[in-house]
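I have placed the structure first, in the form of structure tokens, so that the comments after it can refer back to it.
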């Protein structure tokens, strides 16, 4: 017995047989041990052949085990188990060797062991009974005319079934979603497949536009016989490249598997069309030192027309992999797959609607499909239709399905209240005082009411769930009947088709309508129901908001109030700049109402004015008002962009330079947060060429980064701040704080000298910030002191400053050319520093209030006024 003349599977079975003999304490390796091991091998050919012959494999395995248990086990020291092969087991191998010669093979394989067992082993004979000829036929079919010329022949058996999936068969079984549209691309593919040579289309398009769907559409047309006569008998197999490569341990094993697949395709005489998704993976697949890659193995068959192949890949990967190999490229014919428009996407969604309704058990409104197509097109800019719209609908359905599976909020709250009262009741039962008894009586009354409420709600929820389950069941029956109708029409079973089309399906549709009408009448409007089972445009809007951070869902009352009073909220933080605040808040209101220009940013403003008057503060307060956090503001300090080449930091370093993979500071920030406030601070400090990059942002709301990706700025507010013309403003502003027309012209002249006209012309508004007046200073003092009190609150201390002291602080710190910043420093020196010294020296207890007054010498006095007990 030469173990080197056996395949790896047989060698492994013999090794397992030795281990079985050791477990049963047998000195000899019995025939049952070998056959049991062969049956339990992973991916066992022995087992798979018997299963296909409808033999009870589990019972056969138990019979082998029972037979092994009848052999006498040997106990003792230094006994070596499984060292010798029994006479019957030896006969098994000898007979298998004779079958190897009969089949003209080079190695003993699993099918030889099976044939040998059918002749020699009584247990196997008993279970196989009269199926010997059936098994011989299955072995012949599995081998497919191949000879065992390697130690791993199983990879060559039924290679297509192992490494691919039959799309036509999946269509027949109703496992595939319908393909809507794409008629021109499918026709193009059919034309190319009908050629004599080079009949290999490759579908090229962006990810998510429906390349795979075109092949699925072709498979569906083949089933419906809606193809030219030359394609009627064809079947489409999708090749799984990852399965082909996975587990190829030995050199040449990958090539052997691929050759087996190609041999099956070739021997089908053109009946099999091979579909390879991500076909660029073929280039270089399986390439090791001196080995041939998969792409080169395909070329001869592709050129001769022996292999019908459909490829699919993206534009970038086609350019990167396929175009480099011109010999491979010329063997394929390109079919461009463009992104469908919104109208086509809505049609696709309407076609898929029923499938998603049946799968999720929900009802999808048509306006939800329209919203999915429109909102995904407008807001999800880094992906492609129809994929992103289908994803939105699927996610919204899953959200509603999850809600349907759990208790409604109202019932959940009652359940928790009942549980809380029951715990309280059990605690009070142990008390004997009158107060506890009184409380127990009150509590039991409340508990009885809550339980009654709970029972009513539970009954209502279960009633709704039952009705929804009936609706789901009826929809599933209707879907199955429609699938059965398609099968009957395809198989020309006209009697069954007529029965389904004119009897079963209309009856099911009528029953479904009645169920829906009853449900509607009993439960009232959707809003009155405990359980939602309808997907509306609101759910779609919520999902878009979750994915992008852009608020596209309907305005709730709290947000409505917030938007209407946005200017008031901003005025509280930004003092004395009414025009600027109103312009910015108006832009936000227009955007949220949905009437802004959809192809431009929400607003783009240039704030001009002296330092410290609130230009940056307005941008910060806007971010805080819209997003409840200043962190959502993208702040770019333009003083860092003084050199001409610094523009690459905004959009990313060009290819070949360090940092190319990291992306740009501006583009990456906006890609992550498409709905944000962008503050370009101190723009006049930057190099003038840096502004050229802003032209596309301000005009069309987009910017292309260094990797060629288009970044969407349509949902951003762009605020630029500058000190240009601040000297003119300081010198010429009226005492009332108004800016004269001549002053405005002088500032614009300074501005035109610095900025190019095309930049200024693209901005929504140029806002002049007036210098702060004395009145403004007193309001800013209040604001600074409020912030100080918030910080002191952590230590349970508060400070109260008299009106005289506030007025004095405002007057003393008033410097028009420097704005509010000197006031901050002055408050630090006059109040914060003395207060800090007092706190460290005296250590105020919690609840202390410190009163600050102005004395006759114009000095501030600090008094510890009261202590709360």
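Every residue, even glycine, has its Cβ placed from backbone N, Cα and C.
The ATP 1 binding site annotation in Swiss-Prot covers 205, 206, 207, 208, 209, 210, 211, 212. The ATP 2 binding site annotation in Swiss-Prot covers 609, 610, 611, 612, 613, 614, 615, 616. Here Swiss-Prot flags 3-145 as domain 'Clp R', drawing on sequence analysis. Residues or ranges marked as region 'Repeat 1' by Swiss-Prot: 6-71. Sequence annotations record features per position, and here Swiss-Prot assigns region 'Repeat 2' to 85-145 based on sequence analysis. Taken from Swiss-Prot, the feature region 'NBD1' applies to 158-339. If you look up Swiss-Prot, you'll see 340-549 marked as region 'Linker'. According to Swiss-Prot, the region 'NBD2' annotation covers 559-771. According to Swiss-Prot, the region 'C-terminal' annotation covers 772-869, on the basis of similarity to another entry.
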Binding-site residues compared (205, 207, 208, 610, 614) - highest count of Cβ atoms within 10 Å: 614
Largest tally of Cβ atoms lying within 10 Å of a Cβ, found at which of the binding-site residues 211, 615: 615
Tertiary neighbours of residue 210 (ATP 1 binding site) (same chain, Cβ under 8 Å, six or more apart): 182, 337, 340, 348, 386, 387
Least Cβ-crowded entry, counting other Cβ within 10 Å, from the binding-site residues listed as 609, 612: 612
Per-residue pLDDT averaged over the region 'NBD2' (559-771), given as an integer: 79
Residue, out of the binding-site residues 209, 613, whose Cβ gathers the largest set of other Cβ atoms within 10 Å: 613
Neighbour count (Cβ, 10 Å) for residue 206 (ATP 1 binding site): 17
Chain-internal residues, separated by at least six, CB under 8 A from residue 616 (ATP 2 binding site): 679, 681, 721
Collapsed DSSP category at residue 211 (ATP 1 binding site): helix
Shortest C-alpha distance to residue 206 (ATP 1 binding site) - which of the binding-site residues 611, 612, 615: 615
Residue 207 (ATP 1 binding site) versus residue 609 (ATP 2 binding site) - Cα distance in angstrom: 48
Rounded Cα-Cα span from residue 615 (ATP 2 binding site) to residue 205 (ATP 1 binding site), Å: 46
Among 207, 209, 212, which are recorded as binding-site residues, the nearest neighbour of residue 611 (ATP 2 binding site) by Cα: 207
Remaining residues near the recorded ATP 1 site, that is with C-beta within 8 Å of the centroid of the site residues 205, 206, 207, 208, 209, 210, 211, 212: 213, 314, 337, 339, 384, 387
Residue 212 (ATP 1 binding site) CB neighbourhood, other CB atoms within 10 A: 16
Where residue 609 (ATP 2 binding site) falls in three-state DSSP terms: coil
Rounded distance in angstrom between the Cα atoms of residue 614 (ATP 2 binding site) and residue 211 (ATP 1 binding site): 53
Pairwise CA distance, residue 209 (ATP 1 binding site) versus residue 615 (ATP 2 binding site), rounded so that it is a whole Å: 45
